[in-house]
Amino acid sequence: MAFTFAAFCYMLALLLTAALIFFAIWHIIAFDELKTDYKNPIDQCNTLNPLVLPEYLIHAFFCVMFLCAAEWLTLGLNMPLLAYHIWRYMSRPVMSGPGLYDPTTIMNADILAYCQKEGWCKLAFYLLAFFYYLYGMIYVLVSS
């Protein structure tokens, strides 16, 4: 059992994916609060927008790590979400700060539904990725 760079990448990805799961849960709860009108859209967007860039940067960091470790299958599984993150950030509304959510448009029913679906899809992806990284870490540690 040898400790390789690939094993380190899987361990770090496992820990950071746990943080991304919490980000996705926060995202889902925040948009549910907006849907049920428990919270002001301006306050909600002010709490959601600072989480966008760290989430995207953590995921991009995963992709760079797995590229350096030559874990091609793992990189291939992460590339569609990375491409989506890049597209989503490039097509964001024009605002003064970094973020995706504009308080003036977030209460539109179609945008709110889209953001909720996005949160649920990301939660599913991060949960599956968590268990895949756990399997990959065990496999790399045992097979070396």
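The backbone N, Cα and C atoms fix where each Cβ goes, glycine too.
According to the topological domains annotated in Swiss-Prot, F8 and P80 fall on the same side of the membrane.
As a whole-number mean, the pLDDT of the topological domain 'Cytoplasmic' (1-10) in this prediction is 86. Each residue in the topological domain 'Cytoplasmic' (78-122) gets a DSSP state, and the totals come to 27 helix, 0 strand, 18 coil. Same-chain neighbours of the topological domain 'Lumenal' (32-56): 20, 23, 26, 85, 89, 95, 97-104, 106-107, 112, 116, counting only residues six or more beyond its ends whose CB sits under 8 Å from a CB of the stretch.
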